[in-house]
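Remarks on the structure that follows.
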Amino acid sequence: MSEPVVLGIESTCDETAAAIVRGRELLSNVVASSMEEHARYGGVIPEIASRAHAEAFVPCVSKALADAGMELSDVDAIAVSAGPGLAGCLAVGVSGAKALAWAANKPIYGINHVIGHIAVTQLQFGPFPPDTLALIVSGGHTSLLHVEDVARHVDVVGTTLDDAAGECFDKVARLLGFPYPGGPHIDRHAQNGDPHAIKVPQGLTQGQAGARHPYDFSFSGVKTAVARWVEGRQAAGLDVPVDDVCASLADSVATVLARKAMRGCEQYGSKTLIVGGGFSANSQLRAKLLEYGERHGVEVRIPQIKLCTDNGAMVAMLGVNLVEAGVSPSAPDFAIDSAMPMTKISM
Ligand code: KG4
Ligand code: ZN
């Protein structure tokens, strides 16, 4: 089928989203977020998020169809995030998508949300060249993947041994008193700070550990080092230079990610690095990756911000890839998988 039309539905965490993609063209993209309802708890409350999905599901899908000037009968397939994510949240999106597929007699694909973050770059940059490497940086994942065929085969090259980069930022942000999610606040403050003000470790880059884990990441040491430093200042009655703390943290994390990604590209002979996930909205990381990419002769493809954070377009785009590749749709009784492994692309 050429230029398949796919409705993509997303509900893994605190965004309910629906979008329509035709081929590589984004026809509509609707996102409703329950983020503000979680802010006062300092993190996403699954029960509140699930309830918000139940409320937003039909309005989001209706608007995505209306914005594209379509009815459900016009789409060729429905794709929905089946994992990884919060079980209750996934259940709302998957149940809703199954109901639509059944009522309209459409094929349905339960897809991997993380692979969606990679797939979405095609809307901006076109198809993947061979031997593409992908850096996934989201709230829950920090991984380097080798994309052989986005519809059928993805390998894990490296992954975080403890915290994800986004998680590390969110934890330091809490310590500094920023509301959830703290990542964007650190980004903003870092823009006014000195990235070399505080010595922050760069996990798994040196010595034996670095040699043993050339493509793996560790961010819990960074988080602890920054926390100790801040607590030391507070205990001594000194004020905390927030901008400098943020800039030093952001520089350390961005440098490790960029260095390891480039090393992976060298190893796999890859001239293209795809970047995806909510944390790829981070301006320090974007700048560092583009700088390193230029130096190493690697084209770095980072999507525009609205496609970095969770959305339906990423789900629809991966759905298009699956239809184009002739992958069988998911069975009507497919389950959600809150711990879906990155090597599994669809259910
Ligand atoms: O991919 P995502 O939207 O949700 C997951 O699937 O996890 O990623 C959310 C993460 C959060 O940790 C958030 O703090 C972080 O992305 N984030 C940022 C920025 N924007 C979002 N971190 C640093 N700088 C940003 N500008
Ligand atoms: Zn995500």
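Positions of Cβ are set from backbone N, Cα and C atoms, glycine also.
Sequence annotations record features per position, and here TrEMBL assigns domain 'Gcp-like' to 25-316. As annotated by TrEMBL, Fe cation binding site applies to His113, His117, Asp310. Summarising the annotation, TrEMBL assigns substrate binding site to Ile136, Val137, Ser138, Gly139, Gly140, Asp170, Gly183, Asp187, Asn282.
Feature map: annotations from TrEMBL on the structure.
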residue	record	CB count, 10 Å
His113	Fe cation binding site	26
His117	Fe cation binding site	29
Ile136	substrate binding site	25
Ser138	substrate binding site	25
Gly140	substrate binding site	18
Gly183	substrate binding site	23
Asn282	substrate binding site	27
Asp310	Fe cation binding site	26
Additional residues surrounding Fe cation, by Cβ distance to the His113, His117, Asp310 centre under 8 Å: Glu10, Thr12, Ser81, Val114, Gly116, Ser138, Gly276, Gly277, Gly278, Asn311, Met314, Val315
Return the members of Ile136, Ser138, Gly140, Asn282, Asp310 (the binding-site residues) with CB less than 6 angstroms from at least one atom of ligand 2, or none. Ser138, Asp310
On the domain 'Gcp-like' (25-316), the mean of the pLDDT values is 95
Output: those binding-site residues from Ile136, Ser138, Asp310 whose CB lies less than 6 Å from an atom of ligand 1, in sequence order; none if no residue fits. Ser138, Asp310
What is the nearest of the binding-site residues His113, His117, Asp310 to Ile136 (substrate binding site), using the Cα of each? His117
On a C-alpha basis, identify the one among His113, His117, Asp310 that is nearest to Gly183 (substrate binding site); the candidates are the binding-site residues. Asp310
Greatest Cα separation in angstrom, residues Ile136, Val137, Ser138, Gly139, Gly140, Asp170, Gly183, Asp187, Asn282 binding substrate per the record, works out to 18
